[in-house]
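Let me begin by presenting the structure, written as C-alpha cells, before commenting on it.
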Amino acid sequence: MPVSNKVHVQKDEVNAQRVMDRIEQLATFSSMEGMVTRAYLTDEHKAAHHQLGAWMEEAGLQTWQDEVGNQWGRLLSSNPTEGTVIIGSHSDTVVNAGKYDGTLGVIMAIEALSNLKLNNIELPFHVDVVAFADEEGTRFNTTLLGSCGVAGTWNPDWLDIKDASGISIGQAMKAFGLDINAIPEASRAGDKTKAYLEVHIEQGPVLESCGLPVGVVTGIAGAKRFIVDVSGMAGHAGTVPLELRNDALCAAAEMITTIEAYAKAQGIVATVGKCDIKGGAVNVIPGKVQFSIDIRSQNQELLENSCTQLLMRLQSIAQKRQVTAEAEKIYEASAVTCDSKLQSLWSSVTEDVTRKPVHLLPSGAGHDAMMMATIAPMSMLFLRCEKGISHNPLEDVLTEDVAVGLTCLEKMITAL
Ligand code: GLV
Ligand code: MN
Ligand code: MN
C-alpha cells in the first residue's frame with residue numbers, strides 16, 4: 001500500500017478500525033468458503049442484512065427492511081424541517097469479490113451516524129443509511145434492483161427473471177420473506193430527499209497515483225449489457241475439414257477480439273466477462289456459444305453509436321463465418337452527472353480535511369447513485385484502493401484512508 005502523503009485524522013482512527021473489523025466480519029457472510037460471494041435474496045444475504053441491522057440499532061438508528069429487501073437505518077431528527085438525506089451503497093457482491101466494494105460505503109455511513117448520535121449533533125433532517133440489496137446483478141443478470149425499488153423504477157416483469165437454477169426473482173423474494181404485491185411501497189420517489197450521498201472505493205488507480213486518500217466524483221459512465229447467442233453447427237472434431245465447419249466458438253472468438261479493437265479505437269471500454277460453449281466437449285466442434293458484452297462510456301452519444309456499430313460488425317462476422325448471432329440487450333443505464341453544488345461542498349470538505357487540493361474524477365464503475373440521481377441531488381466520494389484493484393479478492397484499502405473518509409463524511413452531513 002502507498003505510505004507517502006499520509007493524512008492522519010486522529011479523532012476517527014478508532015472508528016476507522018471498527019469499520020475495518022466490521023468489513024472483515026461481513027465478508028464471512030458468503031456462499032463460498034474462503035471467498036466473498038453474496039448474491040441478492042440468498043440466505044447469506046439475509047444474514048448479512050440482519051448483522052447490518054444490528055449494527056444500525058447499536059448506533060441508535062431506527063431500522064427497517066423495505067419491500068425489495070434493502071436494509072435501512074434512520075438517525076431521527078427531532079425537528080425535520082428539510083427533506084431526508086440518504087447515504088447508501090450495496091451489500092451484494094460479485095462472485096469471489098473483494099471485501100470493500102459496496103460494503104465500505106454502508107459500514108462507513110453507519111459509523112458516521114453513530115458518531116453524530118454520540119455527539120448529540122442535531123440536524124434539521126433525518127439521515128437514512130441504506131444497504132442496497134442488489135447492485136451487482138450477480139444472481140439474476142440484472143443490476144441496481146435495490147435502488148430501482150427506491151427510485152420507483154422497478155419493472156414488475158422482472159419478477160419472472162430466473163437465476164441459473166430456474167428460481168425466479170418473485171419466488172426468491174417470497175422465500176426471503178418479502179411481499180411482491182407491496183413492492184411499490186419501497187419507492188421514495190414522491191418524498192422530499194435533500195441529497196443522496198455514496199462513499200465507495202475508487203476501483204481504479206487514479207487516487208493512488210495522485211497520492212490522495214479521497215477524491216470527489218464528477219459523474220458516472222453510462223453502460224449497456226448484451227447477451228450474444230452464436231449458433232453454428234456441432235460436428236465431429238476428427239472428420240469435418242476446417243474449411244467446411246461452422247464453428248460457433250471460432251466465430252465468437254473473432255467477435256470478441258473485434259469488440260476489444262473497436263472499443264480501443266473509440267476510447268470507450270468494453271468487456272466480455274462471460275463465455276460458455278453450450279454442450280462443449282473435447283471432440284465436438286462447438287455448435288452454440290453464448291457470451292456477454294458490457295460497454296461503457298461517460299459520453300452517452302458515443303455509447304449509443306458504438307453499440308449500434310459494434311452489433312453491425314458482429315453480424316458481418318456471423319455472415320462471413322456462416323453462423324447466426326443474436327444479441328439481446330439485458331441492461332442499460334445512462335451516464336449521469338453528480339450534483340454540482342454537492343461536488344463543491346465535498347471539495348471544500350475534503351480540502352479542509354486533507355489540506356490538499358481536491359481531485360475530481362469520473363466513475364467508470366456503475367453505482368446505486370445512478371438510480372438515486374433520478375429522485376435526488378446525488379454525489380459520491382471515492383476512497384483510494386490498492387493498485388486500483390477491484391472485483392477481486394485482492395481489493396484493499398488503508399485504515400487511515402477510512403479515517404479521512406469518515407471525517408469527510410461527518411463534516412459533509414453537517415455542512416448540508
Ligand atoms: C458494478 O460494480 C459495475 O459493474 O460497475
Ligand atoms: Mn462492484
Ligand atoms: Mn460497488
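Each residue, glycine too, has its Cβ placed from N, Cα and C.
TrEMBL entries are annotated by machine, without manual review.
Cross-referencing His45, His200, His236 against the Zn(2+) 1 binding annotation in TrEMBL, which names His90, Asp101, picks out His200. Of the residues proposed, Glu58, Glu136, Glu351, the one TrEMBL records at the same Zn(2+) 2 site as Asp101, His391 is Glu136. Listed in sequence order, the residues of the same chain lying 6 or more apart from Arg296 (allantoate binding site) and placing their CB within less than 8 Å of its CB are Ala221, Gly222, Ala223, Lys224, Ile268, Val269, Ala270, Leu303, Gly364, Gly366. Shown in sequence order, Ser89, Tyr100, Gly102, Thr103, Leu104, Gly105, Glu135, Ile201, His367 are the same-chain residues outside His90, Asp101, His200 whose Cβ sits within 8 Å of the Cβ centre of the Zn(2+) 1 site. With a 10 A radius on its CB, His90 (Zn(2+) 1 binding site) counts 28 other CB atoms from all the protein chains. When each of the binding-site residues His200, Arg225, His391 is scored by how many other Cβ atoms sit within 10 Å of its Cβ, His391 comes out lowest. Residues from the binding-site residues list (Asp101, Arg225, Arg296) with a C-beta closer than 6 Å to any atom of ligand 3: Asp101. Comparing the binding-site residues Asp101, Glu136 by how many other C-beta atoms lie within 10 angstroms of each C-beta, the top residue is Asp101. Sequence-distant neighbours of Asn283 (allantoate binding site) (same chain, 6+ residues apart, CB-CB distance under 8 A): His236, Ala237, Gly238.
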